[in-house]
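*Asks:* Before anything else, here's the structure in question.
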Amino acid sequence: MKKVWFSLLGGAMLLGSVASGASAESSVSGPAQLTPTFHTEQWKAPSSVSGDDIVWSYLNRQKKSLLGVDSSSVREQFRIVDRTSDKSGVSHYRLKQYVNGIPVYGAEQTIHVGKSGEVTSYLGAVINEDQQEEATQGTTPKISASEAVYTAYKEAAARIEALPTSDDTISKDAEEPSSVSKDTYAEAANNDKTLSVDKDELSLDKASVLKDSKIEAVEAEKSSIAKIANLQPEVDPKAELYYYPKGDDLLLVYVTEVNVLEPAPLRTRYIIDANDGSIVFQYDIINEATGKGVLGDSKSFTTTASGSSYQLKDTTRGNGIVTYTASNRQSIPGTLLTDADNVWNDPAGVDAHAYAAKTYDYYKSKFGRNSIDGRGLQLRSTVHYGSRYNNAFWNGSQMTYGDGDGDGSTFIAFSGDPDVVGHELTHGVTEYTSNLEYYGESGALNEAFSDVIGNDIQRKNWLVGDDIYTPNICGDALRSMSNPTLYDQPHHYSNLYKGSSDNGGVHTNSGIINKAYYLLAQGGTFHGVTVNGIGRDAAVQIYYSAFTNYLTSSSDFSNARAAVIQAAKDLYGANSAEATAAAKSFDAVG
């Protein structure tokens with residue numbers, strides 16, 4: 001059937017997005033101008049070298065051929081930012097590149113070391129020494145971090161003024177390329193509104209500017225930013241200094257985000273020229289998505305007694321699972337849900353709470369991961385957001401769910417489907433690991449990984465969102481992983497959507513990766529390629545490792561293919577049936 005994409009403003013959520021607002025350049029390739037390369041290795045460190053020193057020894061050996069670095073030590077330019085190990089004994093390292101002490105946007109690397117101390121693979125993007133000479137703007141910005149924040153909020157304010165509130169559902173038919181059928185997209189943002197900042201207008205007079213080496217961050221009072229079209233930041237605004245590769249140039253920029261909920265939810269990342277204050281690139285990154293639940297099913301869950309009532313608070317998992325209600329307003333987290341007798345009658349709250357616990361348990365038992373960040377992060381959810389709000393989203397710190405369209409004809413409460421809850425919380429996992437840019441192919445990978453995990457949590461079928469979409473139509477859903485074309489998604493790379501809507505097709509092109517995952521798990525013959533399925537258990541272990549340990553923020557589909565195959569080799573052996581199936585599954589989808 002023809003799919004309707006609902007969205008209330010320029011943010012990419014569970015169901016889709018509005019075209020991104022003002023942007024100095026619009027490219028499906030996204031903000032990161034660097035494309036990672038993948039190398040398989042079997043380099044063995046000397047026996048006297050162990051731990052992090054294996055990584056440094058490998059990079060020093062490869063610094064000219066792999067990194068394009070000759071005259072300086074790799075330790076001067078690269079920093080290890082994270083290290084993990086998996087159940088097969090492989091250690092995974094994440095690194096970032098710095099030039100003149102300033103991080104380079106998108107210049108990230110992952111290196112993988114086997115249990116015997118051998119480097120098995122490398123994935124990364126770097127700025128070589130010739131390119132570093134293009135950093136002609138130096139290290140000192142001509143505008144302050146507070147001015148960059150102001151520029152971002154002023155642009156967002158202008159864009160939000162043209163948008164409806166959450167009481168409205170807006171849509172506009174848009175013809176898409178024949179490879180992606182017709183969709184109905186919500187379109188409201190004005191793509192020509194790039195606003196400059198007059199320094200005399202800057203009202204962040206109470207902002208405190210903090211400097212840490214070459215990184216300048218601004219902690220602006222929310223009341224000051226709120227003067228701009230009454231926008232109230234959900235987190236303290238900050239701007240970080242980066243070098244940004246653009247063509248042959250290496251620009252000095254600030255990277256900042258606008259994160260607001262009123263008058264409508266918006267989370268946009270801005271890359272702002274640190275010399276003239278112009279917006280180099282921007283894109284939206286809101287990630288969409290005993291008592292009775294929404295479907296009337298009874299379930300048990302953990303609450304906390306407080307005086308004469310009970311709170312929807314679980315203190316047994318990580319740092320807790322807490323569920324609030326926004327009472328159909330647009331403020332979060334809202335009010336903590338309570339009940340007098342511990343027999344709960346808020347189905348949306350029950351499901352959000354129970355399914356958050358289910359997702360926590362899934363990650364803990366399947367992958368040994370302690371919550372979204374791996375360190376027990378509290379899982380906070382808000383239900384009853386807005387009025388007739390047809391979406392769900394992860395805003396970087398918590399989950400928020402709308403109640404659907406009100407009469408239940410198209411959508412019921414979004415917390416009523418465990419694969420939707422798992423999908424959205426997995427956006428949080430991605431943010432703490434690969435941090436895939438929510439644009440173009442990297443954004444489609446971001447969406448696909450959330451679909452993979454959300455679907456595996458429920459394991460009912462190969463559909464996404466079928467429990468909350470068109471409840472009166474049996475078998476209807478938002479997406480199908482086994483047959484993406486049922487819901488206007490491509491299932492082969494030859495049909496890749498190359499337009500700019502939906503952040504470059506993040507919800508569209510995810511169908512290609514979903515199909516590859518389905519073939520890996522279930523098997524089948526597709527486009528003349530036969531894949532012997534390895535089962536869901538092995539398939540999800542491979543994808544989890546590939547997406548959390550191997551990929552970097554600007555990874556594309558070819559990187560995902562290499563990462564999935566390498567993860568299969570590391571987990572099950574280089575000549576294993578799993579590794580063969582992983583390669584075949586991507587052959588099948590192009």
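Cβ atoms here come from the backbone N, Cα and C positions, even for glycine.
In case it's useful when we look at the structure, here is the feature table from Swiss-Prot:
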type	residues	note
SIGNAL	1-24	signal peptide
BINDING	Asp339, Asp341	Ca(2+) 1 binding site
BINDING	Asp419, Asp466	Ca(2+) 2 binding site
BINDING	His423, His427, Glu447	Zn(2+) binding site
ACT_SITE	Glu424	active site
BINDING	Asp466	Ca(2+) 3 binding site
BINDING	Tyr469, Thr470, Ile473, Asp476	Ca(2+) 4 binding site
ACT_SITE	His507	active site, proton donor
*Asks:* Which one of these recorded positions has the most other Cβ atoms within 10 Å of its own Cβ: Asp341, Asp419, Glu424, Glu447, Asp476?
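*Replies:* Counting every other Cβ within 10 Å of each candidate, the maximum falls on Glu447.
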*Asks:* Rounded to an integer, what is the Cα-Cα distance in Å between Asp341 (Ca(2+) 1 binding site) and Asp419 (Ca(2+) 2 binding site)?
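*Replies:* A Cα-Cα distance of 29 Å.
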*Asks:* Take the C-alpha atoms of Thr470 (Ca(2+) 4 binding site) and the residue listed as 'active site' and report the distance between them in angstrom, rounded.
*Replies:* 20
*Asks:* Give the sequence-ordered set of same-chain residues, not counting Tyr469, Thr470, Ile473, Asp476, with Cβ within 8 Å of the centre of the Cβ atoms defining the Ca(2+) 4 site.
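*Replies:* Apart from Tyr469, Thr470, Ile473, Asp476, the close residues are Thr410, Asp466, Pro471, Asn472, Gly475, Ala477.
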*Asks:* Quick check for the class: what is the C-alpha distance, in angstrom and rounded, between Glu424 (active site) and His507 (active site, proton donor)?
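*Replies:* Their Cα atoms are separated by 13 Å.
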*Asks:* For His427 (Zn(2+) binding site), list the number of other Cβ atoms lying within 10 Å of its Cβ atom.
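*Replies:* Excluding its own Cβ, His427 (Zn(2+) binding site) sees 30 Cβ atoms within 10 Å.
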*Asks:* At the Cα level, what's the spacing in Å between Asp419 (Ca(2+) 2 binding site) and Tyr469 (Ca(2+) 4 binding site), rounded?
*Replies:* 12
*Asks:* If one measures from the C-alpha of His423 (Zn(2+) binding site) to the C-alpha of Asp339 (Ca(2+) 1 binding site), what distance in angstrom results, rounded to a whole number?
*Replies:* 28
*Asks:* Taking the Cβ of Asp466 (Ca(2+) 2 binding site) as the reference point, list residues of the same chain whose Cβ is under 8 angstroms away and which are at least six residues distant in sequence.
*Replies:* Asp417, Lys460, Gly475, Asp476, Ala477, Leu478
*Asks:* To the nearest whole angstrom, state the Cα distance for the pair Glu447 (Zn(2+) binding site) and Asp339 (Ca(2+) 1 binding site).
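*Replies:* Between the Cα atoms of Glu447 (Zn(2+) binding site) and Asp339 (Ca(2+) 1 binding site), the distance comes to 35 Å.
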